Each structure stands twice: as structure tokens, then as C-alpha cells.
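Swiss-Prot has this to say about the protein:
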type	residues	note
COMPBIAS	182-191	compositional bias 'Basic and acidic residues'
REGION	182-202	region 'Disordered'
REGION	386-456	region 'Sigma-70 factor domain-2'
MOTIF	410-413	motif 'Interaction with polymerase core subunit RpoC'
REGION	465-542	region 'Sigma-70 factor domain-3'
REGION	555-608	region 'Sigma-70 factor domain-4'
DNA_BIND	581-600	DNA-binding region
REGION	610-635	region 'Disordered'
Amino acid sequence: MSNSNIDNDPAKIDSLLKKAKSKKIPVTYDDINKALPLNKNPSIRQLEEAILKFSDAGVDILESNEDDEIKLDIGMDEEFKLSTNVDNESEDEVEEENIGSTDDPVRLYLKDMGGVDLLTRENEVEIAKRIEEGRKTMTASLCRSPIAMRCFIVWYEDLVNEKMLLRDLIDLEANMLHDEVHENDEEHNSETEVEEHEDNHLSMSRVETQILHNIIDRMKKISFICEELLIEAKKCYEESFEPKVLQNSKKYNNNLELLINEVSEIHFNSKRTEEILGKMYGINRDLINKETAFLKLAEKYGVTRQNFLDEYIGSVINAAWKEKMLKNKKVAWKELITKESDYIDQMINELSVIESNTGLLVNDFKKLVNTIQKSERQTLQAKKDMIEANLRLVISIAKKYANRGLQFLDLIQEGNIGLMKAVDKFEYRRGYKFSTYATWWIRQAITRAIADQARTIRIPVHMIETINKILRTSRQMLNELGYEPTATEIANRLSMPLDKVRKVMKIAKEPISLENPVGDDSDGGQLGDFIEDKNAVAPIDAAIQSNLREVTTRVLATLTPREERVLRMRFGIGMNTDHTLEEVGQQFKVTRERIRQIESKALRKLQHPIRSKKLNSFRNGGKRGDGNPSDLLEA
């Protein structure tokens, strides 16, 4: 069957969509591919727009399944069958088509992305609550750890003593941009965003100055609470060593609640959180290694794994536990404790050191780490769900920034980074949809990347901002004046030094590749072919010099060998340099005067019309204009 009527039929996608919606059945990626032009591979833009069209309409897009034979009765061509069996094609052709469809990374990305359902407003709120719950649990758990308390105290001291920058402690971007995201038209001019984006970036330092004192005051309060908690915890463990005593302490619980509330109000830098988690996870790994080694040792003495866990888990491993296990009814335990007494004593000491470093009993510390890890997994999974459901939004925004200096995949990657930031900072209680909030962050990430990476010669972002400001002013003045403004006029309008304006306008010029084609024809050549090489010898000059050498050689050959040799040495003809009368005299073992006489005689011979007329054309050509025949020989 001919495909000529299908290739250019713009209604095929709409017809497929209409039938799928009316019959409430899904489509596959093969169906979409078949509905696109078949005379050539569909472009990324066509495929992406088709997938977004079906997704926005609520039609499910399924993976291709060779066992399914679901068909749509649309009364048109067989091309709309959802069956993956392709008629009238050889197996080799089918295999080549499948390979081609999975080779393109963009197509693979779009295919995987299309398999994730879009979120409703309720779904977004539900996921946001999961993220919030995970964060609350993690914050509360971290605040219960003396390790975190000590970190808070150190951070405050470093901040006050100017050993740490504020941006290294908190997420400045979240504090600065939190109130700047408003509902705006998605068709906002993307070029204007690129120009205005840097103003926000440059204000980061101003925001740091503005909120520094507020953060210092808050960290001072956190540091004071942590010191109170550490003192009370130390006192409790020294006196009773019973966790329940501390848990029942009203003062301790009140201070702990205050600490959790204060820490929750600060958006700490992710590196700071990772610093605390890294310390706790490192100690936990050390504990697991020690327990694993102890378990293997116990199994050698016949202690079963389950019995070991029953006796070990939940117990405080100390001298009292050792005495208790000596009285155990199981012979294996008695043998283990008796023969490995030194090993167990060493382990008890090591666990005691860990308890001292963590400020918690080993069992309490392990429970705390498990709670943190569980909340971290919960938060990461919720973020993953939110990100995957909004990948289409990134593509729809990235399309608007095509041909701006970055490839489409790079735009998607940068947009995805912005999407992840949006997920981290989204607050569902403000009432706006996540897509509205995320759009700003995605655009911000893409425009930042374009400003930072698009140019062949990288220019700092602050200079990009100045360039955009001058270009924007230049366009405004062009509309007002009717002609291109001069650098002086722009400098006066912006109250900027003239030298700086000229420098910026010079920097603003985009470099051009020497391999750019010239003309519409394939034989037009490249731009580099038309650039003058000032060091290269012109072809006509090279031809003249070559001819001059040949004529000079023939003319000198009419002299005696001695005269020819003297002239060549004196004027450097065919040699690297010329020679003095004394140097030539030493060569011929005669005096300087004799060489001068030979030279004069040879030059008089060259002035004879028979010889000189052969050289006159070179002299008249203006290469050597003083008329001296000897000058003509210097070539």
C-alpha cells in the first residue's frame, strides 16, 4: 500500500487522538510513529509535540507489546493499527526500524517520560505532604543527635568569627527567591528573561548582607539551646545512664522542641546537612562492621544467627551483659565469652568510645540513624515522583530557548536541574500549582546556563548582565532616535564611562567560525578561505622572485667563475648572508683591495646593455627603485 497519501496528511494525529479518546483506549509509541510522516524520520520536535498532545488529552501511551493485537476501527488505512505486526515488510526492515527508533537518546528519553502519568492538583499536594513529612522527621531526628548539636555550635562560632560565609551555611537562593516566584504568563518573552536574570543573581550578595544579622541571632539562639541540651544529657547519662530519665525530663523536651522549631525555620545549605549525615552514617557503618565481625565469631562457636540477634539486639553491651551471657544456658555462649574474653572486652571499650562520641547509647543511636535513613528514602522517593511527572514541563519550556547557543539535550538537562530545585523549595500551602512555581525555576536554570555556557569564549555572568543592559538600551534608543546610537550616546543614557561602554560593545561581538560556509552553493568555500594572510607571499610576488632568481643566475653565468663567486658572496646571492671585503679576501687569499677591484669590474660588465636589459624589467617594476644594478642582484 502506498504511503504517499499518509505522509503529508496533517489530520492523522488528530484522527488517532479522537478515536483513542472516544473509545477510551490507550495508544502505543509505534502508533504515534506511524502517524508521523513515513517518507523520512520524524523530527524530535514532531515526536515530542505528538506525545505531549496525547498526554495533555489524557490518553495513556503504552510501550509496544508484540503480543497485543488491539486495533482502532477508524475507517482509514491499516497504518493506524495498534498491532506491532508490520505487514509487507521483511524482518530485516523491521529490525532496522526498531534499532533506529531506540538509537536516538532524545527519543528514548521522551519514550520513558511519556510512561509517567501527569499529576492532578490533589496528587501534587499529596506528594508535597510526603516530602514535608519526611523533612520534618529528618529534622526532628537530627536535632535529637548530640553530633548535630555540636555542629550547630561550631557553625555559629565560625559564622561570628567570619570563618564561614553565610552562603556556605544556608541556602541563600531559597531565602532570596522564595518570594519572587509569582504566577505569570507562560508566554513571557524568553529573551527578556535572559537579559534580566542576572539582576537577580547579582543581588545575592545584597541579600546575604541584609539577612546576615538575622541569621546570626537565630544561630545564637540555636547554639544556646544546644549547649543546654548537651549539658542536661551529659548530666543524665553520668548519673543514671538511663535514656528514660532524659526522655521524661520536661526541661529537656521543651528545649528540644524549641530547637526543632528554630532549625526548621532555617534553610540550611545541603552541604551542611550532608556534613551531619556523613558523620552519623560513618559511625553507623563502623558499628555495623563491628557487629558483623562479632556475629561471624559467634557463629564459629555454634551460636545461631537468630539466637545472636535475640541476645544482642536491644541489649546494652557492657560488663554486666558479659556476666549475664556467662550464665546463659547455651553452652555455645559460655564458650564464646570464656575463650574470647579479651576480644569482647575490647569491643565493649570501642562501643563505649562510640557512645561517648555520639552522646547516645549504641541502641538509641542506631534507632536514630534508621529513622533518619527511612525519612530520607521517603523524601527522595516523593521528590522522584514529583520530578518524573513534570519532565514534560521542562521540554515545553526548553523548546522556547532553542538556537540560543545550547543543544536541546543540554537545555533539557539544565531545565531538569531547575525542576529539582523547584521540588526542593515548593510550598503547597501558598495555593499555586506546582507547574506555576516550577516554571520560574526551570527558566531561571536554563537562562543561567545560556548566559554561562552558550558563548565559545566564556564571559562572566556579571559582564553578560552589563552587555544585555547596553544592548537593551541601544534598541530603545534606536526606536526613539531612528538611527543606531553611538557609544557616547549610550554612555550618557546609562551614566556609564565611555571606555567601559566601548569595551563591553567590543566584547559583545560573537565569534564566528572560520569553517562557516560562504554562499548557498556547496562549492562556495569557507569563511577562512577569504581572510587575508598578511604573512603569506602574494602569488605574483612569488612568481616575480622566482623569475628574478632564474634571470640573475643566467646573467651571472656570463661572468668569469671568480667574478660570479665574488658577487654572490658580497651581495649574498644564493647564500644566507652577504660577506665583507675582508671575509671574501680570506676566502680567495687576496687583499681587500683586490676583491674591491674584482667587484667593480664585475658590476661594470653587468651594466653592459646585453646583460642589463635582461634585468631592467625587474628594476622598472618598482621592487628596487634606486637604479643600482647591484640591488637587482639581492634576490
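Just so you know, the numbers here start at 1 and follow the chain as drawn.
Backbone N, Cα and C atoms are what each Cβ position is placed from, and that goes for glycine too.
Residues of the same chain lying 6 or more positions beyond the ends of the DNA-binding region (581-600) and with a Cβ under 8 Å from any Cβ of it are 562-563, 565-567, 569-570. Tertiary neighbourhood of the motif 'Interaction with polymerase core subunit RpoC' (410-413): same-chain residues 109, 394-395, 398, 401-402, 446, 449, 453, selected by CB-CB distance under 8 Å and a gap of 6+ residues from either end. DSSP states for the region 'Sigma-70 factor domain-4' (555-608), grouped as helix (H, G, I), strand (E, B) and coil, give 36 helix, 0 strand, 18 coil.
Taken together, the residues in the region 'Sigma-70 factor domain-4' (555-608) have a mean pLDDT of 88 on the 0 to 100 scale.
In terms of DSSP secondary structure, the region 'Sigma-70 factor domain-2' (386-456) contains 56 helix, 0 strand, 15 coil.
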